[in-house]
Amino acid sequence: AAASRVFAFRDARWAPDPVLEPGAAVRTPQPVPLVIDNGSFQTRAGWASPDPAVPAEPLLRFRSLAARSRGARGGAGAETQVGNDLGSPEPLRWLLRSPFDRNVPVQLELQELLFDHVFQRLGVASQGCVDHPIVLTEAVCNPLYSRQMMSELLFECYQVPKVSYGVDSLYSFYHNRRQNWPCSGLVISSGYQCTHILPVLEGRLDAKNCKRINLGGCQAAVYLQRLLQLKYPGHFAAITLSRMEEILHEHSYIAEDYIEELQKWRSPEYYENNMHKMQLPFSNKLLGSTLTSEEKQERRQQQLRRLQELNARRREEKLQLDQERLDRLLYVQELLEDGQMDQFHKALVELNMDSAEELQSYINKLSLSVEQTKQKILQAEVNIEVDVVDSKPETPDLDPLGSEQSLEDVESINEFEPLFAEEQPEAEKPVAAVQPVFNLAEYHQLFLGTERIRAPEIVFQPSLIGEDQAGIAETMQYVLERYPKEQQAILVQNVFLTGGNTMYPGLKARVQKELLEMRPFQSSFQVHLASSPVLDAWYGARDWAVEYMTREEGWITRKDYEEKGGEYLKEHCASNVYVPIRLPKQAPRTTEALAPSRALTSSTGNPSEQA
């Protein structure tokens, strides 16, 4: 049972997205809409067509990240990688950039890279433009400036014919509607960066009472990383954000009662039965691994060859320097022999010498040094094959010419003697395998106990990470209290959970428990979870695009963009509420208000005219 609870990290690498060839149904009889779920965690893109030949699922799914390398030394320019082309985010963690601030796109140059990747990989073949209508998701209550920049990018850069904006969680609500579902409800959308509480009345978003909590899956992953790095400081570098996201997705859950669940974890039996062990990668090789006598001999010979090559390079460099200086001194001596006394004395001053005798002494010493170095190099070339023995060589038996070379080699080897200390005593005896004093695999395991519930709990208790915000339950109660009791009863009949951060086991039961505590006695409510919390936003956008493909409702054409500006929005059942910018008009100045100032001006007049 204990072995069955040991889980290995997958550390899966992202496969690059292929370049797809769109079928004829995408182009005929007219270009079909292209649906892009532009999420802060992941971008999903695909076609919206009623034709069965067109897949009714997103063809591209990649992280909304881009990394620009600094270029190679060989003169190659900087390389930009997007989404799945990154392979793995951890080696490029400090180069990763996202176009999003929270859940609002603000870096439009990075957003353009994501769009380029989508259009290229989906095989958009039109020249100089994208002639497909675009259905794009945006944040709840998206700032007008962000929508303006997005419309400018799509219409000016890509020349799209028309575009429609919608809220991802409302598209998911739209996709999951059933025959007996009411048109009103309370949507709880929790994603990578934010959590939203959205009241929907009569099929339309009530934007005035929407609330946002600045917590999501990203903050939970960072919190879990800090918890485990404090618990296992020896594995600080191995506890990466990618692995924390894997733990959150596969090993975490929401406690129905957090305090009661912590009390359960205090029991040793409960801890042993519910604790998960995460296996970090490690190497079975030990520093004390045994080697045969032949392998030791080969390693020693290789080490000695490297030392000999190093000494040979040093001798050649020394010979070159000594030869250059000797040539310089001989040139000065020739000046003396030719009788050029002025230049000779000037050269002596430059060499910091006092007399010709001192010059001759230096010449003799350098000549001897050059000759000895040449002999050492010749001797080293003769003795290139060296027999290595375990015992140290006897220095008195060395020949005179090779004595200095051998002493240098021996001294260099002595520096590495601690590495071969185990080779000298009893080298011929078989050495038993070294057994570790502890289990290496167990040392590289992360024990997940209460961390399984602590990290996802922050959306209900933001104070766990020091955030001065209300949790989901408090925010939900605050939103409900802004309505009369009749509308409250209507909203709680359809509490809808969507978003990637709502996939924790136990979340639905926790929301039901919180509603039971805040609602009146014997009142009814219903909580529904999206069929696919991650992909339902794209499916809902596709359903809307297919239904409204031939209508004008909800579509912003290029004419609308040019006449009404980039922030303009056409509302539909899954869109934000359009609030145009209204600049206050300045009241015209009346004649009565202007009269005193004119009188004052005429009385004072121009000083030059009065003079």
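Heads up, residue numbers simply count up from 1 along the chain you see.
Cβ from N, Cα, C; glycine included.
Taking TrEMBL as the reference, the stretch among 48-75, 356-383, 496-523 described by the feature coiled coil is residues 356-383. Annotated range for region 'Disordered' in TrEMBL, selecting from 290-312, 589-611: 589-611.
Long-range contacts of the coiled coil (356-383) within the same chain: residues 308, 311-312, 315-316, 318-319, 322-323, 325-326, 329-330, 332-333, 336, 348, 401-402, 404-405, each at least 6 residues beyond the stretch ends and with a Cβ under 8 Å from a Cβ of the stretch.
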